[in-house]
């Protein structure tokens with residue numbers, strides 16, 4: 001069944017709207033969803049749950065190969081639920097402990113290779129929306145429809161600022177902007193799987209655009225690409 005399941009990849013920098021659009025597309029199409037950005041955090045949490053030493057590459061690799069994780073979409077306003085071994089860990093994977101552990105396990109080449117295969121296993125009928133940074137270039141290079149969402153650093157900083165303000169955090173927008181620019185430079189110039197649009201991706205600049213407008217652009221492109229492959 002997986003061979004016949006189409007994949008839509010959605011790549012781009014943080015704050016460009018990938019998560020929101022990916023969730024809405026998965027809901028609209030009734031497809032599976034892969035949030036690749038959460039995968040390493042989920043693996044780290046699984047290691048903590050199973051008392052696996054984070055420095056043990058062999059054990060972490062084995063855990064990665066059999067990682068039991070699902071991403072569930074609710075309604076438009078609910079965040080994507082991350083399910084690890086049947087348990088909702090959506091909040092748990094966002095802790096600082098989990099973040100630190102994720103950085104450790106991500107450093108192992110064999111772990112990265114195992115998770116690459118695990119991510120590809122998400123390709124099941126009726127289809128997959130793959131949200132990440134290298135979905136269209138590395139993980140699913142043969143996907144029939146590839147999107148690359150971007151926005152100005154200033155707009156992404158403002159979006160992040162608004163999110164944190166809504167949660168009651170006191171933040172400095174200039175610092176957020178500086179961090180975004182630094183991360184962009186790091187991601188786009190890293191030697192392995194740099195953050196770049198796939199050659200055949202539709203690039204959508206979400207600056208100044210509403211969610212409905214971006215969703216319509218994405219759906220029109222996806223429908224066109226899928227009709228071309230049938």
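Here the Cβ of each residue, glycine as well, is placed from N, Cα and C on the backbone.
What Swiss-Prot lists as ATP binding site is 12, 13, 14, 15, 16, 17, 18, 19, 20, and the listing cites sequence analysis. Around residue 14 (ATP binding site), the C-beta neighbours below 8 angstroms that are at least 6 residues distant in the chain are 156, 160, 180, 183.
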State the count of C-beta atoms found within 10 angstroms of the C-beta of residue 20 (ATP binding site), not counting that atom itself.
18
Spatial neighbours, same chain, of residue 12 (ATP binding site) - Cβ under 8 Å, 6+ residues apart:
18, 133, 147, 148, 149, 150, 195
Please list, in sequence order, the residues in the chain of residue 16 (ATP binding site) that are at least six apart in sequence and whose C-beta is under 8 Å away from its C-beta.
149, 150, 151, 156, 206
To test your reading of the ATP site: which residues beyond 12, 13, 14, 15, 16, 17, 18, 19, 20, same chain only, put their Cβ within 8 Å of the Cβ centroid of those residues?
21, 149, 151, 156, 206
